Amino acid sequence: MNLQNVTSISNLLFSFSYVNITNSIPISIHFEIQSLNSSLSYLFIYKFDQKPQLNSSINEIDGWNLFCSNKHLTNENLYKYFLDNDQTLNHQSLIYGIRELNLTEYQNYCLNNSSLNQIPIRDETSNFTSNYFIRIYTSGCYYLDENYQWKSDGLKVGSLTNHYETECYSTHLTTFAGGFIVLPNPINWNYVFANADFSKNQTIYITMICTITIFIILLFYSRFQDKKDLEKLGVTPLIDNQKSDGYFYQIIVFTGQRKDAGTESKVHFVLSGDKDQTNIRTFSDSNRKIFERGGIDAFVMSVPKSLGLLNYIRIWHDNSGQGSSASWFLKYLIIQDLQTLEKFHFISQKWFAVEKDDGKIERILPVADEIEKDNFSYILSKKTYHNISDGHLWFSIFSRPPSNQFSRVQRCTCCFVLFFSAMLLNIMYYDLSNQAKTSENLLLQLGPLKITPQQISTIDQYWNWLRMNFIGNLRAQQWYNGDIPQYLNGFLNDKSNRLIGWAIMRQLRVKSKLCNDQTIIENCQSDYNFFNEEKRRFQPGWTNNETIEDLSSSIIKAFQYVRSDELNNSISIGQFGTYNGGGYVYEFRGRLKDLQSNISKLYQLGWIDEKTRAIFIQITLFNPNVPLLTSITLLTEFSSTGGVFPSFHFEPIHFYTFTSIFQLICSIFYILFIIYFTICEIRCLFELRLKYFQQFWSIIQLGMITCSFGSFVIYILRYRETKRISELFELTNGYFYLNLQNLIYENDLLTYFLAYSCFFSLIKFVKFFHNDQRVSLFTQTLHFCKKELISFSSMFSIAYFSFVILFYLLFVSKMSQCSNLISTAQMLFEMTLMKFDANELIDADANLGPICFALFILLIVFVCLSMFISIINDSFRRAKQNQNENTISWFSIFRRFLIWTGLKKLTRNEIEEEKEAKMRSQYFHLIEDFPEKIDQILIAINNIYVEQMEELKRLDRIGI
């Protein structure tokens, strides 16, 4: 939905907007309005093709409607209005106006039922007190006639159409279809011009001034280049053409786009054919420069007679140009016989320069055949040049071919027309993509239950959401055609999810305490913790005096504290605190009318006030279509400063322990394997004792065993709990309060144990392939970099934590990401991954923000991460050098497995290779290892000699 900022415009009678409904087939128009203040009412008027006018003297409107907050608000807090396709027939546009109803008009026209058909008229202007969201969309119903043309005769769009579905009424049996159009945002020009001063729109004005300045500069440049292009047009006759010559060739020379590709040297050539060849000819033009960078030059050459089929061209230059103008990069030439119109291509793609490439300034270029003309580099160069210099609208301003009639000025104008059109389209369709992704910015939608950030931001809006959205959807109401929902007792309004028992609303409050300084205020409100939680029993209205009013038992109980063990609850963690499992509980039991009256009464008694810190709404649902229980917790936290922060958590639970026999068999095999594996590890533990815990793989195996047995124990506890709930469900038919929090914790623990068990198992799986080259290289790299990484990690941790402290202390009061040390560390980690928006730091502090950001990027990202990569690279190089040649690949392992199982038979050559390999292992390896063995013997003899000499010296010292 699009936000209409109408509060910034003063002295309005109506806020008008324009809608284009031009279409070859009649369409319907749908309006959905959501006010930021749901208690406001509106008057809606419209007129087709003209601006509507309504006051005490003029009544020029085609229709009107009242939007009363007490009658016309939907469950989504929307006002809806609809014009069908018969009403829009033969119209091209619609202009509508909206204004707020004041208190007097609300009482006279909304509360008084006898005045509903009267239109409120006033002459004085007023101001909007709240902005509103609006969504406008069109829809239609169509069918294909005998000529395959879309028609809408006999079809009418129904009033139940929304932006998800189209309702169609048909008077014939023709197959029909529906459609919709997303309309652009209406531009409120009154708002635009009312806020068009420079001080409020400096960025926009600067952008427009810079854009227009660039356009003017490019316009002058384009005009100047267009005049120069006129000089390049035409074909130049060679200066050495003879009047007596009667045979003509056209030569087109393409100079490259590379730097210094053009030349001022004199270019000569000799063209050779089957029948004859030319003398030395020279390219020259006294009226214009030729062979400029990226240039295309055309010449006409005359010869006495036909040269026949051309063979080659010998071309060179005299290197007479000054500096870089001496060299020349020739792309290719096209020579056309003007008599037979036959073309010959000569591909060069080389430099004619003494200081580049091979240093040649003379080359012989043969005629290119079809294979050479289809060569990729030639086609790429040719196509790229054409697409950029002529096909690309922006680049062609600077590189447009002179022969093209589409001038640079025209191209420049088209570019900026497209640019400004794109800006206008961005205004018209701004934020519509976000709407498509998240309808109404929903924080939560489960079936009919919806929570949006706009719905809950104050205590009053929370009560309004309970009355308008939540309560009405807790019970199954009438179908769309007015039928009573039979056999849906206990279902939500979506008719799909059944409520198990009843929902509860639990409140946690804080105690009143006196302020330290009572000169300004006596009682202070603090945030929630376990020590200041209010647990006393109250009478309705949070008083200690007994009430005289006759209230229902559920309302009286809502002011009495219930312990966590009575609710079977445990501690819950929110965004701003950790909350106890007890609280003041209201149960949503009874008929829909009773629930609505109870909520209104709780609102009057101030059940939620300034001491409220958290409201938990706990619901348990069962979906019969998929045997799935879902525990829903809607948490709304109320800060001591008045903020309201809704959040949600839902946990689906499947009651079936095993969904198939195969899963049961796999679980039994897994348990037997774990028992056998545990026995083996216990033996190793007794053999190795404390050395067992010093091995890396021992820790992995212990983790796998611990997680496996832990998951087995949790599995049994979960099975017992699900069995108890199933029996209770069967006994009561679902009419009991069911709290799944303990089962959720057990399910979460089971998920954690299984996850870590799989993790350790996969790590253990790597050990079985330690002989593979890649796995061995990976483990060796980690082994070599172990010490360096430990020292680097300590240095990096100090540097990183110092930046965490710096950002936290500097921006704790300016950025929500720096509200605590953990969130600050998370923000810096995102900054390391280049996923952070630096504009937030600039907004927080225009000076310190960029400086701190630059220091962090320089030291952490560039320096520290570069050191980390260098350590890994160096360790990888050492591991590569010391890699064992005896390691084998996965392919070799798989091949040996196939041979061992008999699935693969060796050929005669493979058998000979196997025999040769065995011989090398028996004989050649012994000879190759002989020097190493001798070295080992000498080292052992040397060690024995040194030990004996030390022993003799010791004996001499003691006189033996």
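Each Cβ is built from the backbone N, Cα and C atoms, and glycine gets one as well.
Nobody curates TrEMBL annotations by hand; they come from automatic prediction.
The transmembrane segment annotation in TrEMBL covers 204-222, 409-430, 655-679, 699-717, 749-769, 789-811, 848-872. Residues or ranges marked as domain 'PLAT' in TrEMBL: 247-366. Sequence annotations record features per position, and here TrEMBL assigns disulfide bond to Cys515-Cys524.
Within the same chain, residues at least six positions away from Cys515 (disulfide bond) with a Cβ under 8 Å of its Cβ are Ile521, Glu522, Asn523, Cys524.
Of the candidate ranges 204-222, 655-679, 749-769, 204-222 has the most C-beta pairs within less than 8 angstroms of the transmembrane segment (409-430).
Within its own chain, the transmembrane segment (655-679) is flanked in space by residues 627, 629, 701, 704-705, 708-709, 712, 715, 718-719, 722, 725-726, which lie at least six positions past its ends and keep a Cβ under 8 Å from the stretch.
Panel annotation: around the transmembrane segment (204-222), residues 198, 397, 407-409, 411-413, 416, 419 of the same chain, lying at least six beyond its termini, place a Cβ under 8 Å from a Cβ of the stretch. Residue environment of Cys524 (disulfide bond) contains 13 other Cβ atoms, counted within 10 Å of its Cβ in all protein chains.
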